[in-house]
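*Asks:* Would you mind keeping the following structure in view while I ask a few things?
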Amino acid sequence: MTGSAAEPGIIPLAIDELFAHIHAQRSRRRFALRVAFLEIYNEQLRDLLAAPPGPGAAAAAGGGGGGGGGGAARGPEIVENGAVKGLTEREVALPGDVLDVLREGETRRRVGATDWNERSSRSHCVFITIESMSKKDGTARTSRLNLIDLAGSESATGQEERRKEGAFINKSLLTLGTVIGKLTDHPSSSSSSSSSSAPPQHIPYRDSKLTRLLQPALSGNSRVAVVCTVSPDPEQAQETLSTLKFARRAKMVVTKAERGVVSRSSFLSLSLARGALFLSLVTLGS
């Protein structure tokens, strides 16, 4: 995802391309960009840009966001249309600003050793909100670039903590596979057109945090790219086959992005539901 200075990964390359497009339009439009960084850990959302809690907050937050938290601050929450409430956002003006924000978030991410990776990361999401206004007529647009790296599926081995993490990861990937399957079995569920007289198909987006975040992209109003990575190791043949089957089904999901034009008075608002540009990166999904 991030790569190195010599071989940049998808995130820095995407950021460079985004700013190249912005630079090409600066004579016609004004831009404002914000970045957020989120991790899904054991079906909980973790704001990777939030300041660490004070000494007295650790005990109150120990319940993981359940009831009875007293005066402890609530973490980020998924609300309508997959938007995330309570997520820290940083304003950025240059590609280097974005990378600095991501480096800060990287220091707070959860990693753990697995049989195949000494520093296996958990699912994490980078949200870049792009708002622009025409210098000529004041027409404003809101878009969002989401970069999501999914944790790889894991076998139930090793320490108890790793087994618990693996169970949540596999649940997320299984739910994503189920959602993709239902969308491809019933294409009308992922687009606004519904010429069929059949009743609408239930899509289980709410069965995991991951699929709730992906709902705006998978439900139609976006452009989606899915990158699947596989291992050449013969022992991983079954995982590779599962990943390729997932990729084949994901290609069949139909989406249609709409331009997110808003009124001048709404410019720089937090309404991010429309005009999403979504890049979903899948690592060893099942």
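Every residue, even glycine, has its Cβ placed from backbone N, Cα and C.
No curator has checked TrEMBL annotations; they are predicted automatically.
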*Asks:* Region 'Disordered' per TrEMBL sits at which of 54-77, 102-125?
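*Replies:* The listed stretch tagged region 'Disordered' in TrEMBL is 54-77.
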*Asks:* Over the domain 'Kinesin motor' (1-253), what is the model's mean pLDDT?
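*Replies:* Within the domain 'Kinesin motor' (1-253), the model's average pLDDT equals 80.
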